[in-house]
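The domain 'Nodulin-like' annotation in TrEMBL covers 11-258. The annotation domain 'NFD4 C-terminal' is assigned in TrEMBL to 350-546. The transmembrane segment annotation in TrEMBL covers 12-31, 76-97, 104-129, 172-194, 206-228, 234-256, 353-376, 388-408, 420-439, 445-464, 476-503, 523-544.
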Amino acid sequence: MVGLKGGSRPPWVGLGAAVWVQIASGNAYNFPLYSHSLKSVLGFNQRQLTLLGVANDIGENVGLLPGVVCNKFPPWVVLLIGGCSCFFGYGVLWLALSKTLISVPYWVLWFALCVATNSSAWFSTAVLVTNMRNFPLSRGTVAGILKGYGGLSAAVYTEIYSVLLNSSSPKLLLFLALGIPALCLMMMFFVRPCTPASGDDSSEHCHFLFIQAASVVLGVYVLTTTILDDVLSLSAPVAYSFLLVMVVLLMAPLAIPVKMTFYPSNLSKSALHGKVVVSADPSLVQDNGSAEKTEPLLEPSSSAANLGSFHESDGISEVDLLLAEGEGAIKKKRRPRRGEDFTFTEAMIKADFWLLFLVFFVGVGSGVTVLNNLAQIGIAQYMHDTKVLLSLFSFCNFVGRLGGGVISEYLVRSRAIPRTIWMTITQVIMVFTYLLFASAMNGTLFAGTSLLGICYGFQFSIMVPTASELFGLKNFGLFFNFMTLGNPLGAYLFSGLLAGFVYDNEAAKQQSTTCLGPTCFRLTFLVLAGVCIVGTMLSIVLTMRILPVYKMLYAGGSFRLPQSSNR
């Protein structure tokens, strides 16, 4: 393990680069943009298409392997594996859709889509784990920002699809196969572990506000230009100008490290003196060239020094553990309490772990069913150009992710209210949203898509920091990726088995492969509403159980790192 990068600027460089990687990680949201081409060119029925949607979600969310790898290798290795996955997976899909390869078996395409979208898990794991550790005292804010940009990625891809790729599905797949790996190769050096940013830096709050404001401006801009392009049919020079401005807005987070380079604050300068850079290798520890050294209040014992920091992924040896216990450096091994660092097996026997998983499964599993069938839902309600619908969902998904991080962070710090209360509220809203979809009244399609996008986004931005607060950061990559398995599981149950079956039955009644009218998805929406009622009750139980934990973690209005479980 290499030494950690020191100083106040590197974490912000990493966060700015992570924004681009997080946009790249949203490649799985592009499925509605080319799903209609897969159906028409390759001759699939709706059930086959929905099973491809399940493959899309399985690949995107099965990230247990990235969770293990991120604890043993630096982030650039995780990003490199994700780039290779993207290249080979989308490459096969492009060869099939462009007819470069004739008669590609269905199972090959299904597996290729899994591999392609699995790049999302590698990308998200690398940037989330790294930045959550770089900013351990601002977990909700960081999670909201990164997941927000991830949610906004569908709108960004829609803009690229419309302007740069001329709404061509084969060109989109080729862009995903080549463009995303190239981007990640450029960002690999910048996404790296750093010494945690100081919680006492007053400028940190302003920097986060700047990134949040920049992301909101980007979201509004992309949604507006997508609608304008659809309504007005903009000329090529104007459309390319819009695309250029979008790229500039995506670079906005990098303004913070640039500003810190040319105008370093006095606090940042003083923080460098006497600051020791944490490293997993004692030979790499240094004091950044400072002539003055700060003496600790208590001299640690030799065995205690071997315990390392929370950044280390390797467990301490049994010999060191016994020596440390003998010298009184640590207490005898005990099971961790909520808020401390859990191992994966220790977390698996906790009721809170499974409650959080089930609540997240209901929220995102039902929401992704609508997302995967968004093009067909629009066509069933006689809206054949669904680009605006996808862009609207993406923007509202972004609003939910960013807003979930900001609102939950404020309330948890001011009143120690568990973040999961927002999972409860949004799932109540989702019940009414699915009933709105089922009614299929005029004008409800856009309203339902907007509400669902916001609620869907909230689920992500709440689950991520909650998992880290309850079970620690040491194995956060594993916990986060296990929770996201709720997404493909929900896609298989609610989309592959339910929505596809109901749609094909209704289409058969109309003696067509394309179903039109409100009955195409009505039963599906009613089932999803019932599922969210169950999810709401589970969320209430979880919130009541973890309320004392949050009272302890946020006593005094700020996050308090609990004592290690000292295993």
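Even glycines carry a Cβ here, placed using N, Cα and C.
Touching of the transmembrane segment (388-408) and the transmembrane segment (523-544) is ruled out by the presence of fewer than three CB pairs under 8 A, sequence neighbours closer than 6 excluded. Contact between the transmembrane segment (445-464) and the transmembrane segment (172-194) is absent: fewer than three CB pairs lie under 8 Å, with pairs separated by 6 or more positions in sequence. Across 12-31, 206-228, 234-256, 420-439, 523-544, stretch 12-31 shows the highest tally of CB pairs under 8 A with the transmembrane segment (76-97). Between the transmembrane segment (523-544) and the transmembrane segment (172-194), the number of CB pairs under 8 angstroms, six or more residues apart, is fewer than three, so the stretches are not in contact. Sequence-remote contacts of a segment are chain residues at least 6 beyond its ends whose Cβ falls under 8 Å from one of its Cβ atoms, and for the transmembrane segment (476-503) they are 46-47, 49-51, 53-54, 56-58, 60-64, 66-68, 70-71, 121, 125, 128-129, 132-133, 342, 344, 347, 353, 356-358, 360-362, 364-366, 368-369, 372-373, 376, 463-464, 467-468, 515, 520-521, 523-524, 527-528, 531. Highest Cβ contact count with the transmembrane segment (12-31) among the listed stretches 104-129, 234-256, 353-376, 420-439 falls to 104-129 (criterion: pairs under 8 Å). Averaged across the domain 'NFD4 C-terminal' (350-546), the predicted model reaches a pLDDT of 89.
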